[in-house]
Amino acid sequence: MSTLAVHDHGVAHHDDHGHEHHHNQSFLSKYVFSMDHKMIAKQFLITGITMAVIAMILSILFRIQLAYPDKTFPLLTTLLGRFAPNGRISADFYLSLVTIHGTIMVFFVLTAGLSGTFANLLIPLQVGARDMASPFMNMLSYWFFFMASVVMLSSFLVQKGPASGGWTIYPPLSALPKAMPGSGEGMTLWLISMVMFVASSLMGGINYVSTVLNMRTKGMDLWKMPLTIWALFLTAILGILAFPVLVAGVVLLIFDRSFGTSFYLSDIVLNGVQQPYEGGSPILFQHLFWFLGHPEVYIVIMPAMGISSEVMSVNSRKPIFGYHAMVYSLIGITVLSFIVWGHHMFVTGMNPFLGGVFMITTLIIAVPSAVKTFNWLATLWRGNIRFTPAMLFAIGMVSFFISGGLTGIFLGNAALDINLHDTYFVVAHFHLVMGSAAIFGMLAGVYHWFPKMFGKMMDEKLGYLHFWLTFIGAYLVFFPMHFMGLDGVPRRYYAFTEFVSMQRWLTVNTFITWAAIMAACAQVAFLYNFITSIFIGKKATQNPWEANTLEWTTPVEHLHGNWPGEIPTVYRWPYDYSKPGAEEDYIPQTVPFSQTMSSNQAHDFEDNPKGLEELNKFNSTLKANEQVK
Amino acid sequence: MMAQIQKNNDRLDLAPKKFNMWIFIFTSFMFFAALTSGFIVYSGGRGHGLNVIMPDAFKYSTAVIIISSITLFLASRAAKQLQFAKQRLFLWLTFALGVAFFAIQVYAWYVLTYKMNVYLTDPNASRSFVYIFTGMHLLHIIAAILLLLNTLAGTYKNIPQVRNLFKMEMTSIFWHFLGIIWIYLYVFLLLNQN
């Protein structure tokens, strides 16, 4: 038997027993420097979850300060040392905590942890490819992300603590190493970490786009792609267009910090000493930052939207309502996200007419967002809903997206924003609409594709416990913040004890903190469920949710190359659930129309006149038989 | 057996990798677009014009980078016609021109700083932008030169022609792009020099 095979990467081992995928992989090349997209997805997920847990602990620490600004907790000094002298978190460290919490959640969890996991796992599996366009670059992408995580966390080990100018790192705080303790080495490490992070994101994003456009299997045209793929694809495009702009902004910032230029610095007096910087414009940084920063929030939410669409369709046993509208609204959001960044800068002295323009573009985003929301609700309408944990989290995502999105209409208004900017109203808004919503989308994805990733099922009861505690906890934490914000309580403040007008909010802060602690405890249920299920979970079947998409046609045991034989061909869209006349309530994408004559409809053959002819013939024969009877 | 052949064909498919390069070009373009937009926002918002006549060195470097694109094109043509000695010669020429471009840009910095008193740490940051534009472009040039050397090394190692052409194409896309970006930056500076 001759072997006509050219291997790309030096592994020349294949035998003749049909086990053609049994490479002799070392531990290092299988688990650590893996080039297999499924393993890289797991690496992203586990690193992302670890970072999420760390960021959550940081948030509990600063919540304790907000709830008990006058009490001392000797335990804090034991745990944090110089950052919490005399049992109280220091003011500088408080700012570091909110800064690093924001940075980790936005970038490391909801960008890399979310897109990194599900784009890597789902793109090759759902479009029908053996692996990514460049598996090597994919591996690099993970390891850059890992290094970025290590560097970001290592900033807790430097003398003066991590960066503390807020996750938006506005100059001059970020540009002058002496401006505040966190502006020193902590800020330097933050910048190094983010440069590596951007490199990781770009390498990942380039691969995702290239794979979706070039490596789809036979029959998988763009309009047969699941919405997860559409969402991840457009997310990757956003990243590719937006992250280089952040790099440009950061390059100028680094020159200001270390080489004495004054792009962002002007007229600064530090500790009574006039600084030599002249002529710079701090607003320039805000433009460059938010040109990335706003698309970034859609980078965070769009994968969650795609995942929820898929999960809700599968578990409602109904086609997604308005598939084309879903895709066009994603495209609409993608395009609009680049022309709304000014709404983060309404109070920077912007020309009011320009503010008006940004206000209009911002409010237009409500249109595609509402289209998506109505479509999700219409998908649920009269479905045979199966309340799996994944389904609950997907519905929770929609709930948060609605309740958080509504306040966006107020914040997007240039006049109202004068009152609301930098208050807890903003904190409440984005934690619901992009924080909680995206996390819930991510958790929906974890519960739904856990069987695909690990070949095991997660425990459902723990999943329900996790969902309800987190769902209620998140609302209890963020809903009261709206009222604080309306009353003018500013964000990022260390304590409100000195302001008479804000003292009445102290009890609310205590309440929020306890709600946050409860929600944090609920995550233990998830972590326990996640870790134990990997080892002792019930073994998964090949298609546990009876879904249509391609990833469920691969064997439970992972193969390098995904499918043992040929890659399956795709014949239909991914949402043929509960089709009238079909034998079962789902028809996988790989089933040709010729095998489902009884359920075919005229609209299945819009661009296929021959198929339509066959359908008409079949139907007329059927009618003739009826008449004979 | 058929499955195996098909699978390995999937692996050998170089088109997606080439596509990766095109997307990378896009990210790089966005980076320079952001820098030049930053310049416009800065000089427009603060009322600081550049007020520097660009040194002649930039004219020479522009000529050099255009010629290097031509030599690289000739190298690609030679590679397609299986004339490997010629391919190598033109690759070496391109390499030399790339290094020359680098040297001329650095010389331009010297002229700007010492002859024209235009500094990197200028209170008028429009002038700092000149250094950022050229410096960031030179970083890309270093990467391109490394890519070129990698392709050149391939021609000495007798790699399969498919891979040789693939490497040539990857290098060409990046190299020509950097030429275009430089022309864009130079024209941008010329239009804004007053």
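Keep in mind that glycine also has a Cβ here, set from the backbone N, Cα and C atoms.
What you see is a predicted model, and the numbers here were worked out from it, not measured in a lab.
As given in TrEMBL:
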DOMAIN    A:27-595  domain 'Cytochrome oxidase subunit I profile'
TRANSMEM  A:44-66  transmembrane segment
TRANSMEM  A:93-119  transmembrane segment
TRANSMEM  A:140-158  transmembrane segment
TRANSMEM  A:187-209  transmembrane segment
TRANSMEM  A:229-255  transmembrane segment
TRANSMEM  A:288-308  transmembrane segment
TRANSMEM  A:320-341  transmembrane segment
TRANSMEM  A:353-378  transmembrane segment
TRANSMEM  A:390-412  transmembrane segment
TRANSMEM  A:424-450  transmembrane segment
TRANSMEM  A:462-483  transmembrane segment
TRANSMEM  A:511-531  transmembrane segment
Residue list, the transmembrane segment (A:44-66) vs rest of chain: Cβ under 8 Å, 6 or more residues beyond ends.
73, 76, 80, 88-89, 94, 97-98, 100-101, 104-105, 108-109, 112-114, 116-117, 120, 142, 145-146, 149, 153, 439, 446, 453, 494-495, 509, 512-513, 516-517, 520, 523, 527, 530
Does the transmembrane segment (A:462-483) reach the transmembrane segment (A:140-158), going by 3 or more CB pairs under 8 Å (6 or more apart in sequence)?
no
Checking distant contacts: for the transmembrane segment (A:353-378), what same-chain residues at least six beyond its ends satisfy Cβ-Cβ under 8 A?
305, 308-309, 312, 320-322, 325-326, 328-330, 332-333, 336-337, 339-343, 346, 398, 401-402, 405, 408-409, 412-414
At a Cβ cut-off of 8 Å, and with pairs 6 or more apart in sequence only, do we get at least 3 pairs between the transmembrane segment (A:424-450) and the transmembrane segment (A:229-255), yes or no?
no
Leading stretch by Cβ pairs under 8 Å, where the reference is the transmembrane segment (A:187-209) and the options are A:93-119, A:229-255, A:320-341, A:390-412, A:511-531:
A:229-255
Let me know the model's mean pLDDT on the domain 'Cytochrome oxidase subunit I profile' (A:27-595).
94
Could you tell me whether the transmembrane segment (A:288-308) and the transmembrane segment (A:93-119) have 3+ CB pairs under 8 A, leaving out pairs under 6 positions apart?
yes
